[in-house]
Number of protein chains: 2
Amino acid sequence: MEDRELRTLNHLMYMEYYTGGNAGLFMKMKQLVYSFQSPFQRIDIFEHPEFGMVLVLDGITMFTEADEFMYHEMLVHVPLFTHPNPKRVLIIGGGDGGSLREVLKHPSVEEAILCEVDPYVIDAAKLHLKEMSVELDNPKASIFNENGADFVRKNKDYFDVIIVDSTDPTAGEGGHLFTKEFYSNCYKALRKDGIFCAETEDPFYDKGWVAIAYNRISSVFPISKMYTGFMTTYPSGMWTYTIGSKELDPLEDYDEERVLDFGAPLRYYNTEIHRASFALPTFLKELTGQF
Amino acid sequence: MEDRELRTLNHLMYMEYYTGGNAGLFMKMKQLVYSFQSPFQRIDIFEHPEFGMVLVLDGITMFTEADEFMYHEMLVHVPLFTHPNPKRVLIIGGGDGGSLREVLKHPSVEEAILCEVDPYVIDAAKLHLKEMSVELDNPKASIFNENGADFVRKNKDYFDVIIVDSTDPTAGEGGHLFTKEFYSNCYKALRKDGIFCAETEDPFYDKGWVAIAYNRISSVFPISKMYTGFMTTYPSGMWTYTIGSKELDPLEDYDEERVLDFGAPLRYYNTEIHRASFALPTFLKELTGQF
């Protein structure tokens, strides 16, 4: 099948239209490797000549193998190095396994729960995304295929860290994960020094959702801080993440020594980046009311 | 003419192919406002429905009005706030006027020289890029239309700050501004506490040029530091800049008070961003050998 496609197609032009519909990223794909309409969303995996595999859900690029490390390291290690001893971690979304892979680099973690609503994403990742899915069968990991908002509601005072690795609020199941009710239930599911962290979109194409997500999270958690990271194949390349915390501050309670002693290899995150990522450009402070 | 174009065209699909040729940004343009083949390069100005005017040289996006502030503020204010009293500033390239506009926000500046090889870029900017070109007729500014590498060679011990606002090394005249000889001549053209700063490309699509530019600058200047900033419509959104300095350190000799007392409005740059921008992701430290 691969040979036939290569003979009949020069390349597939993939175009992702960003919010507003007037700009976006195009990628010349070598081939479509996997395509399936699950009960929740359309799942496509392409092979790109430079970026490796590319996962697309409902027409939105989730990552390319060439730069997913930027997103997964920033989403996971900022909260996990803020908490002094994370043992129980919940990941909501993230069926590809990239966030789980980063969480399990922390030796303190005893139990990592992945709550991914769509089992077909997990199956596709195991088949085609070897670098992402490497820890999906780790004995410390449990996988639940249910709605993340429902799952959180059933847990109280249990997790040290909750990570929201969701699709966009406007796509598929992502919308449930951007409500105040959901953030409140995450608060209750966390232990007394628990930390919540979510991806909160980009402030160039999706200004509105950045402000909404930050304001809702900060209305629930006593400590809330936005940080940014480069994510080179996401809209605008400028990605925001928001920490919500019950008592630990990601700058004041951050233990550099643990990072310096960390055994696992990291390609983006380091101690300087941890601190620097909380410095926000003036327009982003204004957008979110953080002064 | 405007009406006729709107009747006959739904939109113009502009696609910029990034290095490698397998990905890029597309923008649905409302119309082509200006197009001219100068002796140096092809100059196009488009109108975009969300981003305002978009300047394109030799098929490469120079900026959109919606996010040029990110680039121009980071290129100019990091070196100008590192120098305690910048009076004479040279801008090489930057015929659109955006860097000049930022330089002239500093009250200490007495003389700003813009050396733009292509007079047609300046003419086009004055006609169509009102927000960029606002200071091109400021009496403190002098404009020279000659090759930047030649201009620098004729000056010794004169400038406090030199800013290189160039096109890509592979496009048009940009290549002259990425050579070791050019950097050496900039060193000589600077006063004893002078500071050099150049845009040095993106480390996702243009890894090679990022490493070359940093290594050449650091072989000439005793103090050399790379910093990054978001630039949402440039390749990857992750832009690098490199400071070369004779004796002033952009972190140690930086005077926050001057920033806090600064009268002019800034939308990206602030004191936290100044410091944070020098924190580099691990892969970028490795790429440039900065440890």
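Positions of Cβ are set from backbone N, Cα and C atoms, glycine also.
TrEMBL lists B:ASP165 with the feature active site, proton acceptor. Within 10 Å of the Cβ of B:ASP165 (active site, proton acceptor) there are 26 other Cβ atoms, across all protein chains.
Feature annotation from TrEMBL assigns S-methyl-5'-thioadenosine binding site to B:GLN41, B:GLU116, B:ASN147, B:GLY148.
The spermidine binding site feature in TrEMBL is assigned to B:HIS72, B:ASP96, B:ASP165, B:SER166, B:THR167, B:ASP168.
Each residue in the domain 'PABS' (B:11-246) has a pLDDT score, and their mean in this model is 95. Residues annotated as domain 'PABS' in TrEMBL: B:11-246.
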Next on the checklist: Is it possible to get the count of other C-beta atoms within 10 angstroms of the C-beta of B:SER166 (spermidine binding site)?
Outcome noted: 23
Item to check | Most Cβ neighbours inside 10 Å, all chains, among the binding-site residues B:ASP96, B:GLU116, B:ASP168 | outcome: B:ASP96
Item to check | Rounded to the nearest Å - Cα separation of B:GLN41 (S-methyl-5'-thioadenosine binding site) and B:SER166 (spermidine binding site) | outcome: 13
Item to check | Cβ-Cβ neighbours of B:HIS72 (spermidine binding site) (radius 10 Å) | outcome: 26
Checklist outcome for this item: B:ASN147 (S-methyl-5'-thioadenosine binding site) has its Cβ surrounded, within 10 angstroms, by a count of other Cβ atoms equal to 16
Checklist outcome for this item: Cβ neighbour count within 10 Å, max among the binding-site residues B:GLN41, B:GLY148, goes to B:GLY148
Item to check | Rounded Cα separation (Å) that holds between B:ASP168 (spermidine binding site) and B:ASN147 (S-methyl-5'-thioadenosine binding site) | outcome: 15
